[in-house]
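What follows is a single structure, written as structure tokens, with notes after it.
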Amino acid sequence: MDIRKEYLDFFKSKGHEIITSAPLVPDDATLLFTNAGMVPFKSIFTGDVPRPNPPIRTSCQTCIRAGGKHNDLDNVGYTARHHTFFEMLGNFSFGEYFKKDAISYAWEFVTEVLKLPKDKLYVTVHEKDDEAYELWQKFIQKDRIYRFGDKDNFWAMGDTGPCGPCSEIFYDQGSEHFNSDEDYMGGDGDRFLEIWNLVFMQFERSKDGTMTPLPKPSIDTGMGLERVTAIKEDKFSNYDSSLFMPLINEVAKLCHKQYEYKTGASYRVISDHIRSVTFLLAQGVNFDKEGRGYVLRRILRRAVRHGYLLGIKEPFMYKLVDKVVELMGEHYSYLKEKKEYVKELIKLEEERFLATIVAGLDLFNEELAKTSSNVFSGEVAFKLYDTYGFPLDLTADMLREKGLSVDEAKFDALMNEQKARAKASWKGSGDAAKESGDFKTLLEEFGENKFIGYDNLKSSSKVLALLNSEFKRVNELKNGEIGYVMLDSTPFYAQSGGQCGDTGMLGENQALDTKKYFGLNLSMIEAKNSIKIGDIVLCEVSLNRLEIRRHHSATHLLQAALRNVLGAHIAQAGSSVEADKLRFDFSHPKPVTKEELEKIENFVNEAILKGAPAKIEIMDIQNAKKSGAIALFGEKYADKVRVLTLGPSKELCGGTHVENLNEIGSFFIVRESGVSAGVRRIEAVCSKAALELSKEFRKEINDIKDSLKGADPLLSIKKLKDEIKSLQNDLKNASNTKDLDVKDINGVKVVVSKFDGDIKSKIDELKNKFDKVVVFLAGVKDGKVSLGSGSKNTSIKAGELVKTVAPIVGGGGGGRDDFATAGGKDESKIDEALNAATKFISEKL
């Protein structure tokens with residue numbers, strides 16, 4: 001049974017509109033991730049947004065609980081129900097139906113669609129909710145209805161705001177399977193399992209605790225798909241269900257060990273975490289050092305470490321993405337589009353962590369052996385985090401298995417010190433002034449002012465309001481004062497969608513910039529003469545707008561070219577459009593090759609040469625997406641959107657553009673670079689800026705020719721390269737003749753010495769020179785000690801040698817049997833380290 005589909009179809013038959021799952025990154029600054037089905041509707045429940053039409057909706061919402069207040073990470077894998085990623089089925093009424101219908105719908109779905117046995121079902125209500133208690137008796141015996149207090153059966157969004165009693169449906173898994181002291185209705189055992197929570201939002205709680213009945217009470221319900229699937233399939237753990245076992249079986253194949261529930265926590269951790277990682281990456285969250293990206297990194301690294309426990313010591317998580325897409329790609333089609341991109345990002349991150357995990361685990365185990373109390377050193381935990389990439393909760397996870405904890409206070413202190421150093425030069429951004437500005441009163445008085453600049457670069461407009469530099473309302477801006485002007489209608493485009501704000505003249509005053517604040521289009525001016533509320537001013541947008549719109553249209557063509565050349569996984573991660581340049585950030589796991597860049601550039605220029613008129617359509621959002629228009633993932637759009645078609649490009653966009661592609665003239669890529677893990681950047685120019693750049697290039701080429709006295713630059717460059725190569729060979733030969741102290745021990749060449757050059761290159765050189773050789777070199781640069789060891793065709797293991805000697809100079813490190821490196825702090829101990837290396841080698845040989 002496809003429970004997800006059955007649920008949505010059932011509520012659709014009851015008049016509910018099916019809403020697509022909102023992004024995992026919510027439009028809510030108070031939340032790290034979308035962690036419940038009601039999150040996308042929060043502003044409707046609070047009354048900040050008008051109730052929709054129809055006012056009853058249903059959804060299957062993807063959720064993440066792995067950070068912040070709602071964090072299930074530590075429990076995942078060790079319990080039957082906890083997950084970092086899950087799907088929440090829900091039906092919602094915004095002032096339409098209430099308890100009677102909510103209870104009736106729930107009972108009908110559970111008993112007639114899911115066909116769960118009625119004799120296995122129990123219900124709870126709030127102890128004071130007589131209405132719900134009476135309503136339930138129409139469907140279930142009174143002795144199966146339990147009344148509990150606020151702790152169990154009252155829900156609130158916060159200390160203030162909408163709240164109300166709730167009613168929960170429970171499923172009895174049987175006393176033959178669960179018989180602990182807590183296995184009773186209301187206990188903490190697993191016998192009676194909550195499957196559905198119906199929240200009756202009927203009060204508004206004020207700061208003093210007073211609860212006032214809402215004029216239009218609402219319904220918010222939630223049922224976990226993973227939990228109800230397990231029940232329907234008669235499984236006692238979510239992980240035994242068809243949602244997880246295919247993934248667990250894949251893990252078993254990778255580690256070549258059979259899965260057993262009692263000892264299988266690592267399998268469950270991996271099967272859960274790969275779902276979170278896949279969805280977050282597919283939705284545009286990337287691995288990072290902070291914020292959501294760091295939570296993503298923590299989840300993956302925790303899974304990699306559990307793979308390590310299973311004996312998997314190479315990248316493997318990326319191999320599980322195919323199975324996630326197979327299981328969930330039909331409902332979440334973007335998983336199919338982003339599959340290869342997600343796999344590449346995961347593999348790169350796995351390789352990055354696996355490169356340090358051995359050294360990190362060695363440090364962890366060394367400190368563990370020294371730990372005499374039940375508390376692990378916070379300093380070492382911080383070093384594991386800072387040097388080896390071990391998130392604190394990963395270290396805590398490993399300690400929990402040993403019955404220990406970590407000194408989090410010391411870890412936090414060191415982390416705060418590091419953050420303080422990083423932010424020492426930060427001076428603020430003025431956002432506080434914007435937050436406290438008089439925008440709300442302007443919105444209440446005038447509403448949002450109209451932009452009329454798609455077709456007009458000039459207008460005669462009325463000054464509705466003026467704000468000073470602190471965003472406070474004033475009646476007048478005097479000569480020399482900087483402030484903001486709100487016009488009744490404005491031809492100035494406010495910075496949005498990556499396009500910079502317009503400049504120009506506003507009467508006799510220069511418009512320095514235009515931005516949108518809380519829906520208000522405001523132009524920043526430096527007053528030349530007095531400007532007052534009620535003035536009628538002649539507005540004229542700078543001709544820079546013509547170049548801006550050319551670069552904006554070129555940006556759309558660039559995205560179409562990227563998707564054509566690199567693949568459908570390309571998604572915008574940021575952009576900047578100005579009069580003389582454009583910048584476009586996009587999701588891609590590796591650098592774009594020269595050949596690919598050439599294809600991208602050619603694609604754009606061919607579209608420009610062909611020419612095509614801009615086509616603008618106003619469509620409802622669903623039809624726009626169905627038509628193939630590209631939308632920013634996670635962006636909130638109005639019900640009606642502006643769809644722009646420019647030749648091969650079709651996007652949702654409210655910016656200004658050319659009327660025909662041939663207005664762009666030409667397009668030239670200036671550079672390609674990396675921004676962060678999985679995000680690349682292309683900077684480019686078009687139109688006049690491209691012409692100016694071509695002139696600069698021509699001048700540079702002519703200057704090179706002049707310096708070469710007319711010779712062919714390419715031939716001259718080849719000649720210079722040949723000379724450089726010859727000199728490098730001479731230098732290499734010279735370095736070979738400068739013998740280090742080479743000894744012979746039982747037929748093995750042994751080199752133990754100080755060395756100030758490139759240690760790795762010298763070790764490679766000596767390994768190439770001798771058939772059997774052991775090398776140990778030590779050098780100092782910028783006060784830091786560098787150690788390196790190499791071994792070829794001997795019994796000496798370079799990694800073991802380095803690991804033994806490094807502590808002498810106050811360092812640590814390791815590596816392979818044939819090559820290893822380490823760092824240290826105490827250069828005064830180099831001679832002692834060299835003696836120790838000589839002794840180690842002599843004893844082994």
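Note that Cβ sites are derived from N, Cα and C of the backbone, with glycine treated the same way.
In the three-state DSSP scheme, H556 (Zn(2+) binding site) falls into the helix class. Annotated Zn(2+) binding site per Swiss-Prot: H552, H556, C653, H657, in sequence order, evidence recorded as sequence analysis.
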Taking the Cβ of H556 (Zn(2+) binding site) as the centre, count every other Cβ atom within 10 Å, in any protein chain shown. 28
Around H552 (Zn(2+) binding site), how many other CB atoms lie within 10 A of its CB? 27
Residues with Cβ closer than 8 Å to the Cβ of H657 (Zn(2+) binding site), same chain and 6+ apart in sequence? R549, H552, S553, H556, A614, L644, L646
Suppose we draw a 10 Å sphere around the Cβ of C653 (Zn(2+) binding site). How many other Cβ atoms does it contain, all chains included? 26
What other residues of the same chain, not counting H552, H556, C653, H657, have a CB atom within 8 A of the CB centroid of the Zn(2+) site? Q499, R549, S553, T555, L644, L646, E651, G655, T656
H657 (Zn(2+) binding site) -> DSSP, reduced to three states, gives coil
